[in-house]
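According to TrEMBL, the features are:
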TRANSMEM  51-69  transmembrane segment
TRANSMEM  84-103  transmembrane segment
TRANSMEM  132-150  transmembrane segment
TRANSMEM  195-219  transmembrane segment
TRANSMEM  262-283  transmembrane segment
TRANSMEM  303-322  transmembrane segment
TRANSMEM  377-396  transmembrane segment
Amino acid sequence: MKIFDTRVHTEGDYSLRRRTMANVHPLRPVLTSLAVLGFKIEDSSGAVTRIIFRLYLVLVTAGLHYWALSDVVWYFRNRIQEDVLAESVTVWASMATVDLLIWKRKSFLKILSTVKTETEKLSLEEQRRFKYVVWTVCFLTWGFNFLYITQNLLFSLHVDHDKYFSNTPLYFFYKGMSEKQIAIFIRIDRSVECFFIQGTLTMIISLYILLCINAKLWLKKFDDYDKPASSTYASSFTLDDVRCFRATFDQFARNIERLDDVFCEIVAMWLLMILITLCVRVLSLLNPRTPKTDRIIENTVLALSRAIVTLFVVSLVSGNVYDESAISLNKLEALVRRKEPVQNFAVYHEVQIAFQKFSFFPTQLTVWKVTPLNRSFLMTCIGMMTTYVIICIQLNPSVLNSLSG
C-alpha cells in the first residue's frame, strides 16, 4: 500500500485547482515587481516581449554597474565619509546580488518550478493563505522602496556640485545650468538610482524570505501521517512504504540544497552589508551635528529597519525549514515503532540510513556553506553588533558626557 496515494480529492477540487493555478505562479506579484525593476527571471512567451525585457535587463544592469563603479571612483578623489560609505555598500550589494542571480538563473528557474509544483499540491485554503502572505510582503517591500524615494525628494540638498557631478556624464554641462535646474536634476538622479538600487535589493530579499516560507509548505505531504487514519497504516507499513518515504524526503532535501546553492553567497553578502551599514551608521550618528544630520538620521532609520527585518526574518524562517524537516523525518521512526509485529532488519536499515544521511547532510539553509541560518546564528549576530555599538559609545567622549550628564 502506498501511503502517499491515500489522500482523496474530489474532481471539482482538481478542476478548480487547474483553473486557478495553471497559469499563475504563487510568487507572481514579486516576480512581476522584479520585472518592473528590470530583472525578469522567467522567459516571456512572445519573441518581441522577450527581446524588450532582455534589453531592459541589459540597460538596468549597466546602470547598476555604472553607479557601483562611480562610487568606487569617487573615493579616489574625495575623503571617505560614513554616510556616503553606507550608501555605497548598498549599491555594491545590489549590483552583486543581481549578478549572482543572473549567473545562477537556470538553477533559480528550477526552484521557481518547484515552488509552483509543490504549491499546487496544497489545499485551496493553504494556497489562499500563502497568496495573502505574498501580497503582504510585496506591499511592504514597495512601501520601503517609496520611503527611500520620498526622503530624496523631501529633504533639502547639501551637495558640493563639483564632487557630485565629477563621475557623471553631465560633468561638462552642469555649469551651464541654473541652481534650480541643478537641484531638480540631482533629486531626479537620486530618486531613479534609489528606485533601482534599493528596490531591487529589497525585492530580492523579500523573494528569498517567501521562498523559505514556501519551502516549509513542501513538507505538508508528511502531515498525512498525523491524521487518525494513519494509525491504520502502521499495521501495513511495509519496506516499500519506507523507501517511498525516504525518496520523497530525499527529493525535498535536494530542493533545499538547490535553494541554498543559489542564495548562500548572496545571503552572506547581505549579512556583510548589514554589518558594515551598522558600523558606519552608528559612527555617523555619533559625529557632531551638521546640516545633513536630519537626512543622515532618516537614512539610518530606513537602512537599519530593513537590516533588522532582514536579519531576524531570514534567520527565523531559514531555521524553521530545518526544524520542520527534522519533525517530518521523525514521523518515519514513529510509524515504524507503532507497528505491532516485529519489524524486519531491512525496514530498520532503511530508517537508519535516512537518519544517518540527515545527520551528515542536514536539510538547512546556510551562510556561504559555512554556518547554518538559525536562531543561534541570529543571537551571535545580535551579540556582535551590540558589542560594537557599546565600543563606539565608549570611545566617543561627547556621547559619554551626554549620557553621564
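Each Cβ is built from the backbone N, Cα and C atoms, and glycine gets one as well.
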| said: Please tell me whether the transmembrane segment (51-69) and the transmembrane segment (377-396) touch - that is, whether there are at least 3 C-beta pairs under 8 Å between them, with each pair 6 or more apart in sequence. | reply: no
| message | Using Cβ atoms and a strict cutoff of less than 8 Å, what residues sit near the transmembrane segment (132-150) while being 6 or more residues removed from its termini? | response | 26-30, 33, 191, 194-195, 198-199, 202-203, 206, 209-210, 213, 302, 305-306
| said: As a test: from 84-103, 195-219, 377-396, pick the stretch that has the greatest number of Cβ pairs under 8 Å with the transmembrane segment (262-283). | reply: 84-103
| Residues from the same chain, set at least six apart from the ends of the transmembrane segment (84-103), whose C-beta lies under 8 A from its own | 39, 41, 61, 64-65, 67-68, 71-72, 74-75, 193, 196-198, 200-201, 204, 262, 265-266, 269-270, 272-273, 276-277, 280-281, 284, 299, 303
| remark: Same-chain residues at least 6 beyond the ends of the transmembrane segment (195-219) with a Cβ under 8 Å from one of its Cβ atoms are 26-27, 30-31, 33-34, 37-39, 60, 63-64, 67, 90-91, 93-94, 97-98, 101, 111, 114-115, 118-119, 122, 126, 130, 133-134, 137-138, 140-142, 144-145, 148-149, 252, 255-256, 259, 263, 266-267, 270, 306, 310, 313-314, 317-318, 320-321, 324-325, 328, 365
